[in-house]
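For reference, the structure is listed below as structure tokens.
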Amino acid sequence: MTKNNETGWNLDNSYTTLPQSFYTEIPPTPVSSPELVKLNHSLAISLGLTPEELKKEAEIAIFAGNALPEGAHPLAQAYAGHQFGHFNMLGDGRALLIGEQITPSGERFDIQLKGSGPTPYSRRGDGRAALGPMLREYIISEAMYALDIPTTRSLAVVTTGEATYRETKLPGAILTRVASSHIRVGTFQYAAARGSIEDLKSLADYTIKRHYPEIEAHENRYTALLQEVIKRQASLIAKWQLVGFIHGVMNTDNITISGETIDYGPCAFMDNYNQGTVFSSIDTQGRYAYGNQPYMAAWDLARLAESLIPILHEDEEEALKIAQDEISKFSVQYENHWFLGMKKKLGLFSTEEQDQPLIEQLLKMMEKYKADYTNTFRSLTLDAIENTALFESPEYKDWYKLWQSRLKRQEQSKENAYEMMKNNNPSIIPRNHRVEEALEAAVTNDDYSVMEKLLEALSNPYAYSTDQEEYCIPPAPTNRPYRTFCGT
């Protein structure tokens, strides 16, 4: 671990303590003329880094992969994954972990360069990234952070001065991603597929030490590890559902063991409430539709449980039973998180038998009348009537009376209920059309002011500020569905 005192780099790379089959050491591929286009000042400070130093040419070279900070140990991680249900051996095909930054408070965060060049896992890809998708990940990951949803974060984006070729010629870029770690369900699948129980134990022990040290002394720490990951994912997916976030590519290599949201390729936020909403251009069967996300999370976690079977118990039948028992708990945990979150969105402090039907009735009406998900809860929070089909319907008026009656039966005042709603119903989300508007200005016109204004608004989604109102407006009706792409 080496500290550069001027900038604040304080890097280690504990991942190299794992067997070498889990990674390949490889330097980034230099680029011709890097330019810093976005730096996350507040994140830099929390990591113990000095923003003004990071803007200097020598530090920009680090974000571009043209230089390495003291203590860096670049490597590409190996992992596997079920991609749309099909198992593949994978790995970092266009990203490098350069090290782990130890913060002033002693926390450890991966520093990864995304778009840093080809690796042994590139599978004929160029290892590069385009500017638009990297800025998109920056915007949405920071919006998720502001929404209090566990997520990887974005420290910087640099342009490379080189073209990247996808369907068309695009400006190249590199994103510096920050994560609690990049250990995935797919990392455990990779270990299990290779067949070495010792390697699998090494990975599990490393993961426990890094993310769940409180279970190190547990009688069966590998069962406890599975339990903890299930708990975190149940909470995470409920938080996605509560704000209308659709990940789009919930492959097992995109499910983190830390419980953070990762990979913002084809993700988007729902406008009109619909359980079947899909944005990803490659999800033609709706596998990862909004309403399917809890089920797909359970499916992914079952793949983790399968991978752990060799170390859950020496008797395979008993190990299988343990795995099945633990996975069966996910749905109950998820439902509890979701129900509690929905109650908060409606200002309900206590629990009554009719709360679940009250919630379900509202959601059915929202789907029937194609109501905007975020704005419906925003209007309820403000106790305002919108000029929409939902609010003008007789069903809604009847429902509203039931809801108001329910609020009156609480010990807490209506003012307290509305305050809780305000803290749980975001006034704004990164609406797809506003994100596209910001990306178009930045990528096509080299105008980052639109993105900066959007990021400022998204940084406090529960403020209910008049300055944010323009970002509350849904997109104009269109016959063309919004489509997202993975960026690779």
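Each Cβ is built from the backbone N, Cα and C atoms, and glycine gets one as well.
Keep in mind that what you see is a predicted model, and the values were worked out from it rather than measured.
Copied from Swiss-Prot, the annotated features are:
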ACT_SITE  Asp253  active site, proton acceptor
BINDING   Gly91, Gly93, Arg94, Lys114, Asp126, Gly127, Arg177, Arg184, Asp263  ATP binding site
BINDING   Asn254, Asp263  Mg(2+) binding site
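Swiss-Prot feature annotations superimposed on the structure.
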{"residue": "Gly91", "record": "ATP binding site", "contacts (Cβ under 8 Å, 6+ apart)": "Thr24, Ala76, Gln77, Ala78, Tyr79, Thr119, Pro120, Tyr121"}
{"residue": "Asp126", "record": "ATP binding site", "contacts (Cβ under 8 Å, 6+ apart)": "Arg94, Pro118, Thr164, Tyr165"}
{"residue": "Arg177", "record": "ATP binding site", "contacts (Cβ under 8 Å, 6+ apart)": "Ala95, Asp110, Ile111, Gln112, Leu113, Lys114, Glu137, Thr152, Arg153, Ser154, Leu155"}
{"residue": "Asp253", "record": "active site, proton acceptor", "contacts (Cβ under 8 Å, 6+ apart)": "Tyr79, Ala80, Gly81, Gln83, Leu90, Arg184, Val185, Gly186"}
{"residue": "Asn254", "record": "Mg(2+) binding site", "contacts (Cβ under 8 Å, 6+ apart)": "Gly81, Arg184, Gly186, His247, Ile262, Asp263"}
Three-class DSSP assignment, Arg177 (ATP binding site), comes back as strand
Assigned conformation of Asp263 (ATP binding site) - DSSP reduced to three states: coil
Between the two most separated Cα atoms in Gly91, Gly93, Arg94, Lys114, Asp126, Gly127, Arg177, Arg184, Asp263, the residues recorded as binding ATP, what distance in Å do you get? 23
